[in-house]
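Here's the structure, in structure tokens; my notes come after.
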Amino acid sequence: MKPFRRWTAYACPRERETGGRPRVTEMTAVQLSVVVPCRHDSEVIESRYAALLTALESTRRTFEICYVDDGSADRTRELLGALARADPRVRYTVFSRPFGREAALLAGLRMARGQTVILMDSGVRHPPELVPRMLALHSEGYDQVVAERDRTTHGPLRSALRDAGDRLVRHCMDVDVGDGAGDVRLLSRRAVDGVLALPESNRFSRGIFSWIGFATAGLTYREAAPGGSTDAADPRPPLGRRAVNEGIDGVLSFNSRPLRLAIHIGLGILFAALAYALWTALRVLLNGATVPGFATLLTAIVALGGIQLITLGVIGEYVGRIYHESKRRPHYLIQETDESRRPVPLPQHGPLPAAVPAGARAASRPADEGAGPGGTARQFLSFVLVGCVNTAVYFAVYVTLNRWTPYPVAHVLGYTVSVVGSFLLNSYVTCRTKPTWHAFMRYPISSLAGLVAAGCLLLLAVGRFGMDENAAALLAGVLATPLSFLLARWAITAGRRPPAATEPPEPTATTDTTGDSGPAGPAAPGGPPRRRISPAALLALPPLGLLAAAMWLGRWVRPGADDWCFLPLVREEGVGGLVAKFYLQDNGRIVNAVLTGAYAKFDLAGHQGYALVSGALVLAVLWAVTASVPARDWGLTVPRGMPLLLAATVAALFLLASPNTYKTFYWPASSVSHTLAPVLSCAALVPLLRARSRGGRIVALVAVFLAGAALGTLSEESSVVALVVLAAAALLGRRLLTGRRRAYARAWCLAGIAGTGTGILVLLTSPGSRNRRERYDAEGMTVIAPEVLGESLGAFLEILGTLLTTWQYLGAVAVGALAGLLVRTPPGSRPLPRRHTALLVGSGALVFLVAGYLCTVAAHSVFGTGIVVVTRAWNDFLLLYVVLLVAAGALLGRTAGRYGRRAVPAGALRPAGGAGAAVIAAAAVWVTVCAALALSLAPLGDAMRVRAGQWDRQDRWMRAQAASGARELPYTPTSVGGMGEPFGKHGSWPAGCVAEYYRVDRVTHATRLP
């Protein structure tokens, strides 16, 4: 009974892991084992498993399926692990790197425990329906059953070449491998033992199977159509090369005939040379003919050289095989098996009592005990955000009370409300504990200490280092924040004791397996687990608040520059009239005209609401793209709020960190052409990332073609960027993707290139584009002229210098680093190879440089070298710049997390060790950038508000004068953000459009507002 007891003790935990079903163990006799080598088969492995399971269950035998993953780089390993956890009859082995199919077959035979073993590919060419037929022949006493392919469906050329190769191999080998013998084969247990008794390193399985002998039977099958196969994803050589390599292996592995053949060839050449010499001598003696010279000698040398090289190659092959045999290296190295996967135990600070589970210890721990660097990072971020909220509360209370009370009273009341609110929020949110009166009495110490520390740092920065007072105040406040945080946490949590654990609570899950949620907190008594606030969700609040404030300021936008000309045309002729004017007269941009007419249709209200609509659209598109990334398919666990954080970061930096925020975000005419265009092109990624079926992939192809066609008639510069990115993606896909994914990615990129090219062709052939080139004297100019390329290069270098020295873009790197630190990878996953990392970084930098330079070249015909100051035209490649910075930060974060964090529980979403400090540093940089953007946005909002008041007053007066019959009106220019106005640097333009807008004959220049 002892073995049975040992088996029971082992099986109990395994039954809990597999849902209570008994797992196949050594005591259970396995009658049939199916060995399935696989590599890069993630697309078909599940469907193949289902078909194989149906065939095996019909045999009414106990069976197991032994998968061998030959170092796949896709999701094959994760899928095999999932199958093994779901079905106890599935076993698997994963190699540390690709060792080849022969090694995979050997590993599978060593894994197999059944009395009968079947070898079968993971693709769909080998139908599982062969299993019952092979078992039927095996029951007749055959130790080997070989499935031979039916070649009647092959073409005549392929059949002839294959037959010739098989005949050559059979003639050169000491064993008969059979005609058409494939990889589907049944072996009895003694046949398997015979195969495993051969220890050679250079294995040729077909020859080994024939060499061991035993009674063999054959059957014929027809290969399945390759439509659902992943054979294209197999990185092995193509069919011709693979057949040649297998033939060479077969010839050299089982005999020494090639060496003997070299001796025969040498003797034959010797006799031929002697015969030729004798014939030459007789010819000279009898006929007196001259001896052939150069041609004969050259032919002989070339022939002998070729024969010598072939002989040396044959000898080298044998020497190489002897070399490998003498090394006695293992056939393969195993990285993971189904038996090696065990739950990683939670790290503990000491031995736990046997009667108290780990969840009880975690539940009884005070808020600040054992928080770890990851918990400290979360608390610090929460403390910073609470400070921002309470600053806004103080300001709101102060402004409200200052209307009726003296400002000192308003200050005291506002500060009191702010301190109380800060204490409560930090107690419940930051430290997650109940507030007490003792803690409240200690809490003001943190504010006082922060005030003193900030004051000392301010005096030191201004007096000692001579910094600007405003910048020094900001820096001092940021540096004093950690001290305030530590004191505040001490004030709230000091003196607390852990509650007595009378009844240990039930252990609760600490992670969410969906991949979209953050970790779950300790469960409330009798309630569900409480979800913790993700740091990513907290850090998404500053950019979201910044975008909300920027969109709220959009109500102060008023028409200017080109808008004066669009408004009367749309009012009189509608959007169709604007489309006709753009296509026939102005520039040929059809989609641009549609979007412009969409906001111009609403006159002043369209301008006031444009920032709200466009900002929400930019954020929604970027959020849809980031949320559509199939992180779960890649085995990544993404904390809640991370897609929103990435989208809000890119949107905030793209819209608000540019040199001229007004023209980037608030001027509708510029925003449509240079800001919305690159963002809308990103929308084509959503169908691609969400495509899970054939229909979805077709929709993605159609969507990218239509998006490219629309982009081509929306913005020429954005189209150039899209073409460069798509071309680079198509080229990179050959290195980073395999099989059907690589083919589909290439097709998607080509569809986008075709659509964009179609749109550009429509635009360039339009009468409006021709008129525009004539208007700027660019009809005869070529963009490849040396002077154009040189001037464009100089201008782009100046633009590049400006972008690289704009420190606010460090926020993109910081948020990318946060993503790299907080996004979790499955345990045991291999990092991205260094060559792939270098390829991605180098390709990203090259794509940005090429796209930016080509955009500058394309804009040279209109702006010339003035593109340096026309900052709105930079936006066509600025979005790409921000996205690449986020990606670079993510790579840095992954590197820092890999080398700086200690072991953490599987699935945990917070970093540990040195990664906690990296999270705090990145979060501090991002909050500082958001504060700087807010400080730069405030004066712009004031200028917009002043201009809106002036514009409204002048608009009311001019409408009243026009209604009273005036035909000529004075107009005072009111500009903001460098906007063009009548009687400015562009002369009287657009004074005529202003006159049309107010329905008067002309407007004149005035210096004072009415």
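From the backbone N, Cα and C atoms, a Cβ is placed for every residue, glycine too.
What TrEMBL annotates here:
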- 33-191: domain 'Glycosyltransferase 2-like' (DOMAIN)
- 261-282: transmembrane segment (TRANSMEM)
- 294-319: transmembrane segment (TRANSMEM)
- 380-400: transmembrane segment (TRANSMEM)
- 383-492: domain 'GtrA/DPMS transmembrane' (DOMAIN)
- 412-431: transmembrane segment (TRANSMEM)
- 443-465: transmembrane segment (TRANSMEM)
- 497-529: region 'Disordered' (REGION)
- 508-523: compositional bias 'Low complexity' (COMPBIAS)
- 536-554: transmembrane segment (TRANSMEM)
- 609-629: transmembrane segment (TRANSMEM)
- 698-714: transmembrane segment (TRANSMEM)
- 720-737: transmembrane segment (TRANSMEM)
- 806-825: transmembrane segment (TRANSMEM)
- 837-861: transmembrane segment (TRANSMEM)
- 914-938: transmembrane segment (TRANSMEM)
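With a cut-off of 8 Å on Cβ pairs spaced 6 or more residues apart, the transmembrane segment (720-737) and the transmembrane segment (837-861) reach 3 or more such pairs and are scored as touching. The stretches the transmembrane segment (806-825) and the transmembrane segment (609-629) do not meet in space: the count of Cβ pairs below 8 angstroms, excluding pairs fewer than 6 apart in sequence, stays at fewer than three.
With a cut-off of 8 Å between Cβ atoms, the residues of this chain six or more beyond the transmembrane segment (914-938) that come close are 372-374, 376-377, 380-381, 384, 474, 478, 481, 535, 539, 542-543, 546, 549-550, 553, 649, 652-653, 656-657, 661, 808, 810-811, 814-815, 817-818, 821-822, 889, 893, 896-897, 899-901.
Long-range contacts of the transmembrane segment (698-714) within its own chain (CB-CB distance under 8 A, at least 6 residues past either end) are made by residues 588-592, 595, 672-673, 677, 680-681, 683-684, 687-688, 691, 722, 747-748, 751-763. Listed as Cβ neighbours of the transmembrane segment (609-629) (distance under 8 Å, sequence separation of 6 or more from its ends, same chain) are residues 547, 550-555, 557, 599, 602, 642-644, 646-648, 650-651, 654-655, 665-666, 668, 671, 675-676, 679-680, 682-683, 685-686, 689-690.
Per-residue confidence over the domain 'Glycosyltransferase 2-like' (33-191) averages out at a pLDDT of 79.
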